[in-house]
Amino acid sequence: MATTRFPSLLFYSCIFLLCNGSMAQLFGQSFTPWQSSRQGGLRGCKFDRLQAFEPLRQVRSQAGITEYFDEQNEQFRCAGVSVIRRVIEPQGLLLPQYHNAPGLVYILQGRGFTGLTFPGCPATFQQQFQQFDQARFAQGQSKSQNLKDEHQRVHHIKQGDVVALPAGIVHWCYNDGDAPIVAVYVFDVNNNANQLEPRQKEFLLAGNNKREQQFGQNIFSGFSVQLLSEALGISQQAAQKIQSQNDQRGEIIRVSQGLQFLKPFVSQQGPVEHQAYQPIQSQQEQSTQYQVGQSPQYQEGQSTQYQSGQSWDQSFNGLEENFCSLEARQNIENPKRADTYNPRAGRITHLNSKNFPTLNLVQMSATRVNLYQNAILSPYWNINAHSVMHMIQGRARVQVVNNHGQTVFNDILRRGQLLIIPQHYVVLKKAEREGCQYISFKTTPNSMVSYIAGKTSILRALPVDVLANAYRISRQESQNLKNNRGEEFGAFTPKFAQTGSQSYQDEGESSSTEKASE
């Protein structure tokens, strides 16, 4: 009897270790902050001269705009990132699509809903219709037809949210508000999840997009109508429609009558109630330049019943419980989430795989910084990641220095501009009079920075005599250098008044003549 139990025990032990290892690999537990899942940048890359970027071109759709930054630029290629910015107008629907590389989305403004479709996960949102036959109803017969719709979880998004987009995962977005949704997408094309060429590719499930010179169509357009209709079990006429051959609306379409699907009820006083679901309908009482029509009420003779997916009589395995229930978004703008706060300088908020586990799937992280008037950020360098800095509001003087001690960037970064800061390059930032807010996207799920000044900084950690001999200064000066910012962390209050208008400005620098962004 003992001999028969041992092989079974050994078999189940192997299965447990295999599953445990697979889950650890899936959620990034095999990576330490000092390791990277990236393929590395192009060899021979040089970040000798950095520049602030703005969108290079625009693609107009029926209900929005997609703006592309120049991913062919050497700085984007060397950092292995691709950036786009989308504007989705009210009642606009970003059609389902997926990408070859993982990415992060930051919602600059607006609100709406987004859905991420994970393969193999159950459709936990269930909707039941009772559609009445109008002809039979007129004849006194009350026969009805039961219809059913199931879909995966839908997430409410708003300003300040960061949404994680794993590679190959279908996502869509709908604007149910009265103002446009503006979102920045940053993709890590050098991530190991991308085994295609190191550039961002969009795979549309519907619609089309004229990103390049040629007109890009959705993935169904390349199949023959006959084979497609047979594979999907639909008529050839329906197969031709989903190919969107003559659809000129683009990738963002307008749903003028409102979009209906199940959503979690959001309470004003509390968190999301997962047991109550409602259909989406556009705002009727709002009248803006983006509004096309009013939202329809339910069709006559139609009743709707909602059922929470929690009541399903269905067993869940470990993958569904850990993978399918992951949160797709976190809000990084909430002041209560700040990791460091100085009431006279500003606050810093980090999103990493520790407080946002889904980032293990995309192997990226984000940091949002709010600097008050004339506040300065401690000089630092990124230890294990490149950084893509996007200015949300205000202006800041940014200086970046390379390993030769040469200034590779020294300019004012304005609202809407983007700056790529290479790994290990030292950066110094100071807010202008109006202050500034920006977000930095990092190419690792647990980004690490090394501050030069302040609490827990490099200068604070070095002995006084090491500083005195290294810089040929007195012990008192060394003590001041080490401790003057010793009680501050991250964001500093300005201590020394600037003399004249020559602060940070090199002779002949043209940035002083540039106009303000606002």
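For all residues, glycine too, the Cβ spot is worked out from N, Cα and C.
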Cysteine paired with CYS45, where Swiss-Prot records a disulfide bond, from CYS14, CYS19, CYS78: CYS78
Most Cβ neighbours inside 10 Å, all chains, among the disulfide-bonded residues CYS45, CYS78: CYS78
Integer mean pLDDT for the domain 'Cupin type-1 1' (50-240): 87
